[in-house]
Amino acid sequence: LKFRLAGYPRKHNEGRVEVFYNDEWGTICDDDFTLANAQVLCRHLGFVTATGWAHSAKYGKGVGRIWLDNVNCAGGEKSIGDCKHRGWGNSDCSHEEDAGVICKDERIPGFKDSNVIEVRKLLARVGRWCHSRSRRAGCWQPCRGTAQPGLTGGATAKAAAGRTDDDTAAAGRTSGLLSPCRLFTERQQLNYRLHSVSCTGTEVHLSMCAFEFYHGNASAACSAGMPAVVSCMPGPLFSTGSAHKKKQRQQQQGQPRLRLKGGAKVGEGRVEVLKSSEWGTICDDRWNLLSASVVCRELGFGSAKEALTGARMGQGTGPIHLNEVQCLGTEKSLWSCPFKNITQEDCKHTEDAAVRCNIPYMGYETLIRLSGGRSRFEGRVEVAVGAGDGDQPRWGLVCGEGWGTLEAMVACRQLGLGFANHGLQETWYWDASNVTEMVLSGVKCAGHEMSLTHCQHHGTSLSCRNTGTRFAAGVICSETASDLLLHAPLVQETAYIEDRPLHMLYCAAEENCLSSSARLANWPYGHRRLLRFSSQIHNNGRADFRPKAGRHSWVWHECH
């Protein structure tokens, strides 16, 4: 059985359920539909669970057969075919009763998708690698779990003796920061699994290189060789003093023509390109891991671990510049890849392409934590200082003075908790920790930093007017965020001046909608000159916009 989500308007994790049965796509009737049915279907589609379902063709009426009716699942079934139903093709419904599902936006680890590489299963399969003496004899062995394929990337590699540069480059592009490794071959019993590993150097993952398995007695294998070792160095974005180097490089290269937007973490986001002095997006037709890896490497990261379609990182604005990008993987820039120029009819922003890149493991999340919050997404910020040279870190608070949304964005990114909802300057209500000392003050971030220590701060010269725990900085993070955008052209097109009589403006005056000089006017005679316009605000983000004030506290005015 094959399944897909269809319909409009919808997000990538919701839609009308369509099932491919007997060589024909069809729908499911909403009669007796339950959340348990939706959970089974969402797992079919690669999502961890369902958060809801929709009836009465909410996502539009389907076409073709209505394959299932009166479906009744317990929720634990492996297939929708295992649930009770009236039989395939036996239905008394019309397409006005097509069922839909809303799945949780979290993928099942290892779910097979052509645009996602799931590396955990590969690790169990591969183990240690070896190649024969005919290709510079040497065998590869992971060192304390660091040199295994599938760890995060963004590194440039140095070839160790006994391997080709291409093999090492492929490993380095995929992997991240690797610790130096000493092999005590005389003390260990080495079990080799792979040999004759042959990479071209353009692969997005080591598993895509050619290799051969050892069969039979693995401990006796590779008798003519020895374990191969890979040594990696961080790419320019992740090396020490990277901020200064990055600034120098940008000054040398001029304005970049490629960027990622809308992602909560480093190395992920909607792909945007600069063309004719205007930023625009890429349509997801034929978007795959090879093209995504070219983007990741051009931006200084490792290869791509996901090529995302369907505006998974939010919808962009402005033009859609490119379509059907088809990279070979050897290109140094996305602009070297074949692509089609777009016409307005070809694509919509609901088809914006995005990437998730491999990045090196920097350990930044071990230097920050939250305390006192109601969930792991909120709390008072505590940072570790003096953790170098094997010393035990000393945890302390961050001064809340000047702390705002930009600083909270960096803290949430460092914690791996997504976007910042709020940056809080007072956290007396989260007083649940025994950490009371302020260790960081004057924090001022631009918003793109990977760690709070990369932001400007006072260093060891602590300067905080209110040093009590009440005034420590706090954050509330969120996995997704709304992204409100004012339709500026509409404001310009509809703006006009109106002279309005005062007797028609009593309500506006009561709500302080008029300027202060209106109080001195000779009411109800005379008039006020008003600037009037229409406004339209779009939410291009990945979460609903929820104002702080609940609906119960809204005040309605007829004159508006």
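The backbone N, Cα and C atoms fix where each Cβ goes, glycine too.
These numbers come from a predicted model, not from an experiment.
Here TrEMBL flags 250-262 as compositional bias 'Low complexity'.
According to TrEMBL, the disulfide bond annotation covers Cys29-Cys93 (among others).
Annotation comment: TrEMBL describes Cys42-Cys103 (among others) as disulfide bond.
Here TrEMBL flags Cys73-Cys83 (among others) as disulfide bond. The Cβ of Cys73 (disulfide bond) has 21 other Cβ atoms within 10 Å, all protein chains considered.
Marked as disulfide bond by TrEMBL: Cys283-Cys347 (among others).
Neighbour density for Cys296 (disulfide bond): within 10 A of its CB lie 29 other CB atoms from the protein chains shown. Feature annotation from TrEMBL assigns disulfide bond to Cys296-Cys357 (among others).
According to TrEMBL, the disulfide bond annotation covers Cys327-Cys337 (among others). Around the Cβ of Cys327 (disulfide bond), the same chain contributes Leu290, Ser291, Ser293, Val294, Leu334, Ser336, Cys337, Pro338, each under 8 angstroms and 6 or more positions distant in sequence.
Counting every protein chain shown, 23 other Cβ atoms lie within 10 Å of the Cβ of Cys445 (disulfide bond). If you look up TrEMBL, you'll see Cys445-Cys455 (among others) marked as disulfide bond.
Annotated domain 'SRCR' per TrEMBL: 3-104 (among others), in sequence order.
Residues or ranges marked as domain 'SRCR' in TrEMBL: 258-358 (among others).
TrEMBL lists 368-478 (among others) with the feature domain 'SRCR'.
Taken from TrEMBL, the feature region 'Disordered' covers 241-262.
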For the domain 'SRCR' (258-358), what's the model's average pLDDT?
-> 88
Cα distance, Cys73 (disulfide bond) to Cys455 (disulfide bond), nearest Å?
-> 52
Cys83 (disulfide bond) and Cys296 (disulfide bond), compared by Cα position, are separated in whole Å by 43
State the Cα to Cα distance, in Å, between Cys73 (disulfide bond) and Cys296 (disulfide bond), rounded to an integer.
-> 42
Rounded Cα separation (Å) that holds between Cys42 (disulfide bond) and Cys347 (disulfide bond) = 26
So what sits near Cys103 (disulfide bond) in its own chain, CB-to-CB under 8 Å and at least six residues off in sequence?
-> Asn13, Glu14, Ala38, Cys42, Leu45, Phe47, Thr49, Ala50, Thr51
Cα-to-Cα gap, Cys93 (disulfide bond) vs Cys347 (disulfide bond), nearest whole Å = 33
Nearest-integer angstrom distance between the alpha carbons (Cα) of Cys283 (disulfide bond) and Cys296 (disulfide bond) = 17
